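Asks: One structure, pasted below without further comment.
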Protein chains: 2
Amino acid sequence: MGEFELIRRYFASAACAAGGEAVALGIGDDCALLAPPAGEQLAISTDTLVAGVHFPAVCDPFLLGQRALAVSASDLAAMGASSVAFTLALTLPDADPAWLEGFARGLNQKAQECALALIGGDTTRGPLSMTVTVFGTVPAGLALTRSGARPGELLCVGGVLGEAGGALPLVLGERQADAAVAEPLLARYWSPQPQLALGQALRGKASAALDVSDGLLADCSHIARASSVALVIEAERLPASAPLEALLGAQRALQLKLGAGDDYVLAFTLPPEHLPELSSNWPQLHVVGRVEAGSGVRVLDAKGVDITPRQGGYLHFMESP
Amino acid sequence: MGEFELIRRYFASAACAAGGEAVALGIGDDCALLAPPAGEQLAISTDTLVAGVHFPAVCDPFLLGQRALAVSASDLAAMGASSVAFTLALTLPDADPAWLEGFARGLNQKAQECALALIGGDTTRGPLSMTVTVFGTVPAGLALTRSGARPGELLCVGGVLGEAGGALPLVLGERQADAAVAEPLLARYWSPQPQLALGQALRGKASAALDVSDGLLADCSHIARASSVALVIEAERLPASAPLEALLGAQRALQLKLGAGDDYVLAFTLPPEHLPELSSNWPQLHVVGRVEAGSGVRVLDAKGVDITPRQGGYLHFMESP
């Protein structure tokens with residue numbers, strides 16, 4: 001089966017999904033063509049997931065399809081971009097119809113949720129991996145970068161952290177848990193919800209933003225470095241997670257909220273005057289700290305004692321699944 | 001080493017390469033930002049190369065770096081696009097500095113040649129593979145698609161075909177040859193020259209175009225199907241290749257000119273009135289056939305006898321390196 005035929009057959013509904021007028025030419029030629037509206041810039045991000053590194057080699061292909069797209073779409077949210085389209089480079093050991101059907105169904109469903117149209121790709125034979133490149137549009141000058149944080153601003157997150165990391169022992173089959181605990185954690189791991197609407201709402205308001213993919217501490221250090229400021233995280237303000245705390249206890253839950261990746265929740269800095277309006281529209285938004293002059297990231301407990309872990313986040317060349 | 005640091009360290013010169021004003025934000029944030037000039041569309045293509053499938057698992061990383069970028073840049077040429085930028089998703093079994101240095105040097109050199117700036121990417125651990133996504137701009141309405149060929153037009157190619165396919169036994173070490181024969185063939189395999197300037201010269205002239213990556217027969221069938229026409233290839237008009245014919249003989253050379261991929265030469269259909277001007281500027285351009293009413297692709301010998309091979313080109317799920 002040729003690559004276009006393979007892509008068309010299994011990914012047809014994603015190819016037809018709303019990409020809107022910005023998609024001038026979709027799958028089937030040497031290139032796709034995008035036509036961003038006048039005054040808009042095109043936001044682009046690429047992520048690769050490798051079997052045995054970023055997901056278990058044996059897993060549900062439907063869930064994997066959802067996750068593969070969500071991880072990349074989250075980068076559009078982090079820039080405040082509106083979603084437009086994506087390409088899929090899929091490397092497979094063989095063309096197993098049952099696997100492809102499940103993977104495509106998960107991918108297509110997430111593509112519909114995120115309003116992303118499949119505009120091209122490549123299918124190759126080899127060890128299982130996938131590279132998704134996403135495209136969005138953002139008015140020129142309004143993209144949320146990492147470099148605008150200023151002392152006196154608030155540090156906020158768009159939702160609960162640590163749950164995807166807490167799901168890992170369940171994903172890997174190292175632990176069992178009651179459904180009431182396991183299901184919400186596994187959903188966070190396999191089907192992250194890219195915060196696209198929140199990202200767009202932060203245009204012109206947040207001074208710096210990113211999505212928490214490497215862990216809050218590591219990702220905050222990216223903002224601190226890019227903005228030449230210090231970030232302070234107040235540990236007791238990190239949103240609670242009942243299933244996470246039930247599974248692992250409060251101490252380990254805090255470690256995961258600070259250090260685990262894969263939640264794909266937005267973290268951003270915000271001038272205080274924008275908080276009331278945003279909070280009323282986004283109840284899941286939490287202030288978790290503040291921006292100060294200086295450098296680096298510190299974590300303080302309720303008494304103001306520095307409890308910053310030595311090693312925060314993870315780096316991709318050291319990661320384990 | 002973090003992914004940004006890895007990318008920055010080895011691919012710094014590609015990140016600084018000319019991407020021109022269309023690159024609004026490069027490596028280091030959640031997304032890159034491109035700002036196509038008013039009236040221009042963005043052309044996008046993605047290609048994956050997998051070790052042991054698209055290139056030998058043990059090979060010169062410098063040559064591999066050149067080839068990885070050239071293969072994708074050729075898709076921009078096939079659309080008539082001007083090159084702007086690329087992303088690199090690189091999966092490596094380990095971070096071997098000598099390998100990375102060689103790969104990056106080859107990639108950077110080809111990026112300079114093709115005027116492509118590195119704007120983002122991902123580095124992951126896993127079996128060796130790489131996905132390159134390229135970005136170019138083309139005035140709205142002038143992209144070269146596959147669907148505009150009309151009966152009465154000429155079928156042309158932008159250069160010699162079959163040489164990259166002829167190099168394969170040399171690449172795989174299955175055969176030896178004198179340097180006079182081996183060197184030009186190996187250069188065609190490892191360092192394809194994307195015909196970007198020719199593609200841009202064909203804007204508003206060629207009625208359909210693509211780059212020959214799957215073999216002339218298979219790629220012509222893509223044009224025939226997309227344009228609802230028949231294409232006739234006149235075998236004796238296919239450009240000669242002294243090294244290919246010296247290595248393999250005339251009969252096998254013809255098979256490779258028709259069926260071997262990897263040359264990344266443009267094939268296109270052209271209203272005859274445009275031929276004189278183009279031929280004078282592009283001496284390597286060859287008329288190799290014509291467009292007729294009907295469907296499919298036929299190959300005729302010098303006497304007009306149909307010599308169409310049963311199986312033309314290759315499809316990616318059946319390919320061997």
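Along the chain as shown, residues are numbered 1 onward.
Glycine is no exception: its Cβ is also placed from the backbone N, Cα and C atoms.
Straight out of TrEMBL:
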{"type": "DOMAIN", "residues": "A:28-138", "note": "domain 'PurM-like N-terminal'"}
{"type": "BINDING", "residues": "A:Asp30, A:Ser45, A:Asp75", "note": "Mg(2+) 4 binding site"}
{"type": "BINDING", "residues": "A:Asp30, A:Asp75, A:Asp211", "note": "Mg(2+) 3 binding site"}
{"type": "BINDING", "residues": "A:Thr46, A:Asp47, A:Asp122", "note": "Mg(2+) 1 binding site"}
{"type": "BINDING", "residues": "A:Asp47, A:Asp75", "note": "Mg(2+) 2 binding site"}
{"type": "BINDING", "residues": "A:His54, A:Asp262, A:Tyr314", "note": "substrate binding site"}
{"type": "BINDING", "residues": "A:Gly121, A:Asp122, A:Arg146, A:Ser213", "note": "ATP binding site"}
{"type": "DOMAIN", "residues": "A:151-299", "note": "domain 'PurM-like C-terminal'"}
{"type": "BINDING", "residues": "A:Asp214", "note": "Mg(2+) 5 binding site"}
Asks: Per DSSP, A:Thr46 (Mg(2+) 1 binding site) is which: helix, strand or coil?
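Replies: Going by the DSSP assignment, A:Thr46 (Mg(2+) 1 binding site) falls within a strand, counted as strand.
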Asks: What is the separation, in Å, between the Cα atoms of A:Asp262 (substrate binding site) and A:Ser213 (ATP binding site)?
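Replies: Cα of A:Asp262 (substrate binding site) to Cα of A:Ser213 (ATP binding site) measures 5 Å after rounding.
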Asks: Determine, from DSSP, whether A:Asp75 (Mg(2+) 4 binding site) sits in helix, strand or coil.
Replies: helix
Asks: Please classify the secondary structure at A:Asp122 (Mg(2+) 1 binding site) using three-state DSSP.
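Replies: Once the DSSP labels are grouped into three classes, A:Asp122 (Mg(2+) 1 binding site) ends up as strand.
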Asks: Which residue, out of the binding-site residues A:Ser45, A:Thr46, A:Ser213, shows the minimum number of other Cβ atoms inside 10 Å of its Cβ in this structure?
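Replies: If we count Cβ atoms within 10 Å for the binding-site residues A:Ser45, A:Thr46, A:Ser213, the smallest count is at A:Ser213.
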Asks: Just to be sure I understand the packing, how many Cβ atoms besides its own are within 10 Å of the Cβ of A:Asp30 (Mg(2+) 4 binding site)?
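Replies: Excluding its own Cβ, the number within 10 Å is 27.
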Asks: For A:Asp47 (Mg(2+) 1 binding site), list the number of other Cβ atoms lying within 10 Å of its Cβ atom.
Replies: 22
Asks: Using DSSP, how many residues of the domain 'PurM-like N-terminal' (A:28-138) fall into helix, strand and coil, respectively?
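Replies: Per-class counts: 37 helix, 46 strand, 28 coil.
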Asks: Determine, to the nearest whole angstrom, how far the Cα atom of A:Asp122 (Mg(2+) 1 binding site) is from the Cα atom of A:His54 (substrate binding site).
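Replies: About 20 Å separate the Cα atoms of these two residues.
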Asks: I'd like to confirm something. Which of the binding-site residues, A:Asp30, A:Ser45, A:Thr46, A:Asp75, A:Asp214, has a Cα closest to the Cα of A:Arg146 (ATP binding site)?
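Replies: Checked the binding-site residues A:Asp30, A:Ser45, A:Thr46, A:Asp75, A:Asp214; minimum Cα distance to A:Arg146 (ATP binding site) goes to A:Asp75.
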Asks: Averaged over the domain 'PurM-like C-terminal' (A:151-299), what pLDDT does the predicted model reach?
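Replies: On average, pLDDT over the domain 'PurM-like C-terminal' (A:151-299) sits at 95.
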Asks: Work through the binding-site residues one by one (A:His54, A:Asp75, A:Gly121, A:Asp211) and name whichever has its CA nearest to the CA of A:Thr46 (Mg(2+) 1 binding site).
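Replies: Nearest candidate: A:Asp75.
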Asks: Do you see any of the binding-site residues A:His54, A:Asp75, A:Gly121 whose C-alpha is within 10 Å of A:Asp211 (Mg(2+) 3 binding site), and which ones?
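Replies: Taking A:His54, A:Asp75, A:Gly121 one by one, the ones whose Cα falls within 10 Å of A:Asp211 (Mg(2+) 3 binding site) are A:Asp75.
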Asks: May I ask which of the binding-site residues A:Asp47, A:His54, A:Asp75, A:Asp214 is closest to A:Gly121 (ATP binding site) if we compare their C-alpha atoms?
Replies: A:Asp47
Asks: Could you give the Cα-Cα distance between A:Asp47 (Mg(2+) 1 binding site) and A:Asp214 (Mg(2+) 5 binding site), in whole Å?
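Replies: On Cα coordinates alone, these residues lie 13 Å apart.
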